[in-house]
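Participant: Okay, handing you the structure first.
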Amino acid sequence: MAHISRDANLAQARQSQTAAERFGVVERPDLTFTPAVARETEHLYEKVKAFIPAIEWPVFAPYVHAINRIKKERGAVILAHNYQTPEIFHCVADITGDSLQLARDATRVDAEIIVQCGVHFMAETSKLLNPEKTVLIPDSRAGCSLSESITGADVRTLKARYPGVPVVTYVNTSADVKAETDICCTSSNAVAVVDSLESDTVLCIPDEYLAMNVAKRTNKKVLTWQGHCEVHERFTAEELLEYKAADPSIEIVAHPECHPSVLSVSDYAGSTSGMIDYVKTKRPGRVLLVTECSMASNIQAEVPDVDFVKPCNLCPHMKRITLPKILDSLLFMTEEVTVDPAIADRARLAVERMINLKN
C-alpha cells in the first residue's frame with residue numbers, strides 16, 4: 001500500500017510541474033543554411049517548391065531541419081490541420097487532416113508529447129482525449145470566431161429554454177461548451193450525428209450555416225445559434241456564379257460552414273478532407289475551393305494536373321502557427337494546454353461519443 005501511495009504521490013508531483021520542468025529545455029540550434037541542411041531537406045523542398053521560391057527556401061530549411069531533428073529527440077508528434085501553410089503541412093507534420101481526423105488520430109498517438117498545429121480548440125480536444133500526455137500549441141492566441149461565439153453559460157441558457165432537446169456541438173468550441181453538450185460533431189459527420197439522436201428536434205450549435213445545411217439533409221427540426229466562421233461567411237453565391245459565368249467548366253467545391261446559398265451553386269460540399277478526396281478522385285480540370293486558401297496549396301502538390309482557382313480568404317488564427325513558433329514549442333516545451341478537471345470528464349464524453357459513432 002505504501003508503494004502504491006508513493007507512486008501516486010510521484011505522479012501527482014509530476015503533473016504539478018510545468019512541461020519545461022518535466023522534460024527540460026533544449027538549447028537553440030544553429031539556424032544557418034548549410035550544405036548539410038540543404039541536402040537533408042532537399043526531398044521536402046520538392047513538395048513545396050511550387051509555393052516557396054528557391055531564393056526563400058534557405059530561410060525555411062534550417063527551421064524544418066531543426067524541428068524534425070528535435071521532435072525525434074523529444075519523441076514528439078506534430079498534428080497539423082489542413083489549413084496550415086505548406087511548409088508546415090508537408091515538411092514537419094507527422095499527421096494531417098480535418099478536425100475529425102485529428103481528433104481520432106490523437107487517440108492513437110503513442111508519443112508522450114503532442115504539438116498541435118491548429119487553433120486552440122483543436123489542441124484542447126487533443127488534451128481531452130489524452131489527459132496523461134503533454135499537449136503543446138505553438139501560439140495559444142490562435143483562436144476561432146466560432147469558438148468565441150458561445151460560452152458554457154449560453155448553452156445552459158439554451159437547455160433551460162428547450163428542456164429535453166439534445167445538444168449537438170461543433171468541435172470548434174471550448175471545453176467549457178463541450179461539457180454542456182450531449183455529443184460533438186464535425187463538418188464531416190454532422191448529419192450522421194444529428195440522425196443518430198432519437199429526438200425529433202435537435203440543437204445544433206454554434207455554427208448557424210452548418211446547422212442550416214444539416215437541416216436540409218435531415219428530417220429533424222434543427223435549432224440554431226448565430227455563430228459564423230469569419231473565413232467562410234465571406235463567400236457569396238453571387239461571386240461564385242461570376243466565376244462560373246467566366247468559365248462554365250470550373251468545379252466549385254465548398255465547405256458546409258458557408259451559407260446555404262453558396263452550397264446551392266456548388267458542385268460538391270464537404271469537410272476539408274472530403275474536399276481533398278473529391279479533388280483527388282474526380283481530378284477536375286479547374287477547381288475553385290470555397291475555403292481557407294492554404295488548403296489549395298497543400299492539395300496542389302499531390303494533384304499537379306489540377307488548376308486551382310483561389311478566391312483567397314485566409315484564417316488569421318491558423319496563420320499564427322509558424323515554423324519559428326513550432327521550434328520554440330519543442331525547445332522550451334511551450335505553450336502547454338490544460339483543461340480544468342471540473343469540466344474535462346464531461347467534455348471528453350461528448351467528444352468520445354462522436355468518435356465512437358459509426359459513420
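Cβ atoms are placed via backbone N, Cα and C, with glycine included.
Sequence annotations record features per position, and here TrEMBL assigns iminosuccinate binding site to His81, Ser99, Tyr170, Val171, Asn172, Ser187, His255, Pro256, Glu257, Thr272. Residues annotated as [4Fe-4S] cluster binding site in TrEMBL: Cys144, Cys229, Cys315.
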Participant: If you measure Cys229 ([4Fe-4S] cluster binding site) to Glu257 (iminosuccinate binding site) at Cα, how many Å is it?
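Facilitator: Checking the Cα atoms of Cys229 ([4Fe-4S] cluster binding site) and Glu257 (iminosuccinate binding site) gives a distance of 7 Å.
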Participant: Any idea what DSSP makes of His255 (iminosuccinate binding site), helix, strand or coil?
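Facilitator: Where His255 (iminosuccinate binding site) sits, the three-state DSSP reduction gives coil.
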Participant: Between the binding-site residues His81, Tyr170, Asn172, His255, Glu257, which lies closest to Cys144 ([4Fe-4S] cluster binding site), Cα to Cα?
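Facilitator: Ranked by Cα distance from Cys144 ([4Fe-4S] cluster binding site), first place goes to Asn172.
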Participant: Tell me the Cβ neighbour count for Asn172 (iminosuccinate binding site), meaning other Cβ atoms within 10 Å of its Cβ, over all protein chains shown.
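Facilitator: A 10 Å sphere around the Cβ of Asn172 (iminosuccinate binding site) contains 28 other Cβ atoms.
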Participant: Return only the integer: C-alpha distance in Å from His81 (iminosuccinate binding site) to Cys315 ([4Fe-4S] cluster binding site).
Facilitator: 12
Participant: Please report how many Å separate the Cα atom of Cys315 ([4Fe-4S] cluster binding site) from that of Tyr170 (iminosuccinate binding site), as a whole number.
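Facilitator: It is 18 Å, counting Cα to Cα.
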Participant: Under 8 Å Cβ-Cβ from His255 (iminosuccinate binding site), six or more apart in the same chain: what's there?
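Facilitator: In sequence order, Ser187, His232, Ala269, Gly270, Ser271, Thr272, Met275, Val290, Thr291 meet the Cβ cut-off.
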